[in-house]
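Data first, discussion second: the structure below is written as structure tokens.
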Amino acid sequence: MLPSLRGTITARVASSSGAAAAATMPGSNSSFLLLPKRLLLVRHGESAANADRSVYSHTPDWKIPLTDLGQQQAKECAASIKDIVQQDKVYLYTSPYRRARQTLEHIRAALDPNQVEGEREDERLREQEMGNFQPYDQMKATWEERQQSSRFYYRFPNGESGSDVCDRVSLFLDSLFRERREMVGALQSASGGGSNLEGCTSSPEDHNIVIVCHGLFVRLFISRWYKLPVEIFELLYNPPNCGVVVLERDDNKGRLVMRQDCKALFGSDPRVLPIQFDGSDHDRWYRTDEMFRHSTTGENILKLHSEDVDAPDGGISVK
């Protein structure tokens with residue numbers, strides 16, 4: 001059994017400086033929540049089913065392991081994550097699926113034991129359920145049907161739709177930040193009630209959150225966090241196996257901003273390239289008169305982007 005994160009909320013009193021950065025979480029009714037220093041979304045390494053889709057016809061999805069290549073990818077990914085977080089404190093979350101847990105093992109091994117403040121396996125991070133065993137002779141037709149329908153709305157026979165997974169993303173985000181509020185409250189109490197968390201060596205503002213999950217979950221997490229409409233989600237592709245999407249806190253904006261080099265992980269559709277992934281996109285998409293008329297649609301949003309093509313910064317045409 002993996003230890004609960006709540007069990008790691010222990011204040012360590014020592015010298016510290018700076019106030020934690022506060023920001024509003026997109027999609028939440030809460031006023032202000034503490035953002036981590038970084039949030040890293042990690043897709044698992046290559047699995048046996050990534051290499052040979054027929055594996056789905058005889059092996060339960062949650063039991064599918066990494067290939068040898070996937071193990072090597074996970075090892076290299078772990079080294080990259082260590083370079084990113086350095087000695088900062090880390091909280092680890094993982095899907096319960098075997099390939100995700102195997103990927104996490106490499107990440108944990110690359111970190112110093114004393115910098116891992118908590119680890120949790122969360123079933124909401126699991127892969128989209130695509131039915132039970134998938135008959136190999138029917139799989140191609142099913143995937144083609146999904147492609148023609150919608151990667152978000154299509155429901156696999158006896159399985160989930162992307163919309164179902166999006167609901168899981170929302171539930172996970174709610175509990176993730178509820179735990180952070182509890183953590184902040186505990187640290188504030190231990191430091192004498194100060195709002196700046198003075199006297200704590202392990203302040204939430206210095207934490208990194210690493211989430212090991214699946215390609216669709218990563219795309220839906222990004223779409224949910226930045227309030228992207230379904231039409232934009234449909235243009236995003238899975239990051240590669242062991243791709244790491246890094247969201248870093250911008251203290252000036254009070255937001256999590258995607259690192260520039262991570263944007264290419266979602267493909268190169270010209271309609272996606274202008275998106276900033278810094279929280280500013282939804283400001284202009286949703287805070288318009290159209291929002292109050294309940295008519296802001298993905299088509300309108302794509303049109304808004306197409307009107308920016310002559311901007312001085314050299315925006316890319318999306319017409």
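The backbone N, Cα and C atoms fix where each Cβ goes, glycine too.
What TrEMBL says about this one:
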ACT_SITE  His44  active site, tele-phosphohistidine intermediate
ACT_SITE  Glu127  active site, proton donor/acceptor
BINDING   Arg43, His44, Gly45, Glu46, Ser47, Ala48, Ala49, Asn50, Arg99  substrate binding site
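All features noted in TrEMBL, drawn onto the structure.
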| residue | record | Cβ within 10 Å |
| --- | --- | --- |
| Arg43 | substrate binding site | 27 |
| His44 | active site, tele-phosphohistidine intermediate | 30 |
| Gly45 | substrate binding site | 28 |
| Ser47 | substrate binding site | 26 |
| Ala49 | substrate binding site | 19 |
| Arg99 | substrate binding site | 29 |
| Glu127 | active site, proton donor/acceptor | 23 |
For the substrate site built from Arg43, His44, Gly45, Glu46, Ser47, Ala48, Ala49, Asn50, Arg99, further residues of that chain with CB within 8 A of the site's CB center: Ala51, Ile64, Leu66, Thr67, Gly70, Asn241
Distance from Arg99 (substrate binding site) back to Glu127 (active site, proton donor/acceptor), taken between C-alpha atoms, in Å: 11
Where Ala49 (substrate binding site) falls in three-state DSSP terms: helix
Distance in Å spanning the most remote Cα pair of Arg43, His44, Gly45, Glu46, Ser47, Ala48, Ala49, Asn50, Arg99, given for substrate: 15
Mapped DSSP class for Arg43 (substrate binding site), helix or strand or coil: strand
Cα distance (Å, whole number) from His44 (active site, tele-phosphohistidine intermediate) to Arg99 (substrate binding site): 6
